[in-house]
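Structure first, then comments.
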Amino acid sequence: MTSITSIELNYLVFRYLQESGFTHSAFTLGYEAGINKCTIDGNLIPPGALITFVQKGLQYLEMEANMSNNDVEMDEDFSFLQPLDIITKDVNQLRQMIKEKRKNIQKDKDKDKNKDKDKNKDRVVDREHEAERGRVREKERHEKEEREKEREKAESNKEPEKQPEELADGDMVMDQEDKDAIGHEENGTSIGPEPMDIATTSTQASQEACEIPGSDVTILEGHTSEVCACAWSPTGSLLASGSGDSTARIWTIADGLCKSGAQNSPLNVLVLKHVKGRTNEKSKDVTTLDWNGEGSLLATGSYDGQARIWTTNGELRSTLSKHKGPIFSLKWNKKGDYLLTGSFDKTAIVWDVKAEEWKQQFEFHTGPTLDVDWCNNVSFATSSTDHMIYVCKIGEIRPIKTFAGHQGEVNCVKWDPTGSLLASCSDDITAKIWCMKQDKYVHDLREHSKEIYAIRWSPTGPGTNNPNQQLTLASASFDSTVKLWDVELGKLLYSLNGHKDPVYSVAFSPNGEYLASGSLDKSMHIWSLKDGKIVKTYTGNGGIFEVCWNKEGDKLAACFANNTLCVLDFRM
């Protein structure tokens, strides 16, 4: 008899967690179960394999329980069971349940037959009563007609009167309708979308008009596993990508318009291998990457717990080893002398890039560190599965600030452009805004209905290149929406409802006028922040993990689950 091994079952659960968006749980299981060491070829496993496997098992048990030697007409005599019964009871118990079910069904059938006999008797009596009632109604109708004729004769002998009053009554009805309509508007129940909820269900024609044509899209092929991270160089036309195939890549994107088709020539891409020999080794997944401010160095974080620093020529300059688990997040400070990493091992480490060694390790969290972000050149925030946020400073042995308030894993932390406000988002379905002057959050943003995966500040307001525009915060959620917040008032500005599946990434254009969002529904939407409407959209062939703008704001990149990236021209 065929059986499934614990390794195979672990892999199916691992894939289920990945496909369902439980990224952190998948990382944890993969790390503890040693998924990277198993020999299963993930490309052969179809999506939803675990669900299919369980459903087939339930169907098999159900069939087995229904079958016996005297069952001839299965279609007519098949009893469906509840999944919980199938899981918790053996075949003999299930057969006994089916036997009881069939007895009860037969009893019900016998009862129904007796009821039908009684109903037939009642119908005969009812028909007699109905005939009698019909005769009475006919008599009443005849008498009524006679009275009407007599009244009409009497009326015809009088002059027509009171027509003006009848007209006045009609005017009153119209006045009342107008008052009702005015009343609805005063009460705020006029028809149309509420100002907080921008309608995005455009017609097919307008959607087609928004669709970015293939001629404006360049597909970047070469990765052999999902591409989970991408970032433009802040100074040049280089695009970096990180993948589950144990490589990062640096793509040179030509200036000018994108061209349709694939771009995978060796002249245009540098492959940064994180493992010697074969790729697709899960322990070497490139999980995160970040360019330094000058665009001269690229840092990558890997599932093997190592951070690596590469030159723009693709040369490995440094390998930074101290973490004891996968690196989930990694950031350069503005000055470019320190690199910050956050890991599954519950710690954050500041690395001295020039000395190529660790400067300080911060061991405050009781769960994996999920995200890190610099406030300035020497202090930063960390978030974790332990629901906590710590603000730390180089040289300090304790956090300089502790933010407690989330009730779930804190997926993301981001400082605003001036480093005065910190935003966070969590599996507890809230985003929060904090400041160093108080312990409690400044705003608690509660409009999403599922976990919030990512947040981004707009490049607007004081201290930015767009000082005359309002500072806002965008949040992306598993509820398929993106929400835009007024951070001064803590109020919802727009709910951007255009995706059908979880939204993993959002990115503001450099001028702060547009917002790009990428979703597992394979689509990327570009929204105008003037009115909350979709102005451009592109649909690829896989779920989107990240979207990013180049520094000029005329190109967008997105990385996909089907091993590709795409670069789009953006012109309005």
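Cβ from N, Cα, C; glycine included.
What TrEMBL says about a protein is an automatic prediction, not a curated fact.
Here's what TrEMBL has on this protein:
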- 101-165: compositional bias 'Basic and acidic residues' (COMPBIAS)
- 101-172: region 'Disordered' (REGION)
- 220-253: repeat 'WD' (REPEAT)
- 279-310: repeat 'WD' (REPEAT)
- 320-361: repeat 'WD' (REPEAT)
- 403-444: repeat 'WD' (REPEAT)
- 445-495: repeat 'WD' (REPEAT)
- 496-537: repeat 'WD' (REPEAT)
| Candidate ranges 220-253, 279-310, 403-444, 496-537 - greatest C-beta contact count to the repeat 'WD' (320-361) (under 8 angstroms) | 279-310
| message | Treating G and I as helix alongside H, and B as strand alongside E, what does DSSP give for the repeat 'WD' (445-495) in helix, strand and coil? | response | 0 helix, 23 strand, 28 coil
| Which one of these stretches, 279-310, 403-444, 496-537, has the most C-beta pairs shorter than 8 Å to the repeat 'WD' (220-253)? | 279-310
| query | For the repeat 'WD' (279-310), DSSP counts of helix, strand and coil? | reply | 3 helix, 17 strand, 12 coil
| field | For the repeat 'WD' (403-444), residues assigned helix / strand / coil by DSSP | value | 0 helix, 21 strand, 21 coil
